[in-house]
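Peer 1: Input: one structure, supplied below.
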Amino acid sequence: MGILDTIRNPQDLNDLSEEQLEQLASEIREFLITNVSQTGGHLGPNLGVVELTLAVHRIFDSPRDSIVFDTGHQSYVHKLLTGRQDFSTLRQQGGLSGYPSRAESEHDIVESSHASSSLSWADGISRARQLTGEGDRHVVAVVGDGALTGGMAWEAINNIAADKKRRVVIVVNDNGRSYAPTVGGFADYLASLRPTIDSFRAAPAYEVALDWWKKKLQNGGPAGQFTYKSLHAMKKGVKDWWAPQGMFEDLGMKYIGPVDGHNLQALEHALATARNYHGPVIVHAMTEKGHGYAPARAHEADQFHAVGIIDPETGEPTGTAGAKSWTSVFADEIAAIADERKDVVGITGAMLIPVGLHKFAAKHPDRVIDVGIAEQHALTSAAGMAFGGLHPVVAVYATFLNRAFDQLLMDVALHKAGVTIVLDRAGVTGPDGASHHGMWDMSMVQIVPGLHLAAPRDASRLREELREAVAINDAPTVVRFSKGSVGAEIEALERLSDGVDVLARRPAGSTANDVLIVSVGAMSELALDVANRLGAQGISTTVVDPRWVLPVRRSIVALASHHRLVICIEDGVRAGGVGSRIRQEMRAAGVDTALNEVGLPVEFLDHGTRSEVLERVGLTAQQITHDVVAQVLGTKVPFARPLPGQQHPTTGSLPIL
């Protein structure tokens, strides 16, 4: 039995010797490599925080002391130390979440995996502790240097630093990266701290001497206090000359570090000093992403930030290569567009490769801007670029557009800026769970005046609609696509005058008009499956892909007026979604055809594969067909209306599907 097998809670760490702790760190790394290579997950970040997490749990008393992980993908070690060692179904339906989860443990606090929010959580928790008479309880926020490129982190620091008595410990996990190397002025500032003062200021002798002289002089009456203030000012001046690290202390926060993030003794000493300091403290820990695993360290792109199933010995992906991904199709096309148009620029929020701007950047490095984890800034900066005669393409995961809605509405749309926003990982994404599903975007952008929204169904339509988007220079455009592999090409029977594609009429050649199916983006394959099933039950269908779902095309409304029932199949939330908008346009035009929105419920959906999540919420061909048959037979609302010369059925039985 290894040492890891004996750990059930953080208190089990307290009696371990230095040698045992080193052995435990080795066992944890071996465990992570073995298990995450079988399930996929965030391997590199967790290999980099093994000693740091051990030290945090040995010095602080969780859950009495609150530990908050920014983004949370580096919480695997924390899970192991808090009694969760069944990683066999990590990120799978019914298994452990890839992020902190309150449902799993009292040691978990923040479940959202959106970056830069941990310090605001720490600020709020510490205020609550202070106001409820529990100000002696610590709040520890573990935040990466990448997350400190986000403005929200600095809003929190501004508030934390204002109160010198709250026990907030900010542990900066500085590995010089988020996905890729961290960029920007603050990244340069942190880099300036690394080689100069090293671990000198975190050494025990330094702190002991400092505390001894401080007490001696402050207890020496007015002369001693004057001498202390003079020497303290001199010390600060020398520090600022020796290394430009005065920013945190200028804000009124004690700074400890840099500390070797893989040296347990140094980490524990630094954290104990922070714990015993009755005020806000920054502990600056230098770590290495992928530490202890050669394949991760050698991986230039992101040091195994997130992996699929891999060979644990080599780090190479197992199995055969899959079909081309949506992201790779976008990457090729935007690079081609950039070759043709010098006014097109790319903007990424610290995710150059994941969002597919790397090929563009390789060809035109001066025209791709990495703004850090700063989506709000990205959108407003894009508006400024548009004003200056450029056409910015902001590529971001769909879930992260949530963070920049005000900027989209008030800076981009209000000023009719020609900005294209490309949303990767739209819809249900699967194993990363509630905070990563890109299911909110279509409802959000419905209320943005003048915005154009495209949802391509296949690779050809993605290329086509991306080019159409960057041709619009007087309004914002959004192009959204799913995670993973692109499906087969779906050719249209015809394209209507306003750009709507008719994909199928079932039965073929039918002139009957029972059900109009409006498919949004990648749901077209599902829509065609439903049409075939309905056709087998004698119900005629017309399947259309609007391509551009906003503004609603007139032909959609016209087709709706000639059908008994409209269903809109989308992989966003039903509330305020595409179907809802189509209904509004139908009613405004006096079309009273019943419409059924088939989409996602307004719920936070747990992790699982995409197909598992869709089945869980009823977005399957079988369930949709069952519901539509019931609506056509008049046994379920909304009832399909009778067309002229038809009578509404009053009875009927559902077939077995």
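Using the three backbone atoms N, Cα and C, a Cβ is placed for every residue, glycine included.
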Peer 1: Name the one residue among E18, E375, E464, E465 that Swiss-Prot lists for the same thiamine diphosphate site as H73, S113, H114, A115, G146, A147, N175, Y293.
Peer 2: E375
Peer 1: Other than its own, how many Cβ atoms are within 10 Å of the Cβ belonging to H114 (thiamine diphosphate binding site)?
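Peer 2: I count 21 other Cβ atoms within 10 Å of it.
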Peer 1: Quick check on the binding-site residues N175, E375: which one has the highest count of other Cβ atoms within 10 Å of its Cβ?
Peer 2: E375
Peer 1: May I ask for the distance between N175 (thiamine diphosphate binding site) and D145 (Mg(2+) binding site), taken between their Cα atoms and rounded to an integer number of Å?
Peer 2: 7
Peer 1: Which residues, sitting 6 or more apart from D145 (Mg(2+) binding site) on the same chain, put a CB under 8 Å from its CB?
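Peer 2: Spatial neighbours, sequence-distant, of D145 (Mg(2+) binding site): V172, N173, D174, N175, G176, R177, S178, T182, F186, A187, L190.
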Peer 1: Would you mind checking how many other C-beta atoms are within 10 angstroms of the C-beta on H73 (thiamine diphosphate binding site)?
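Peer 2: A count of 22.
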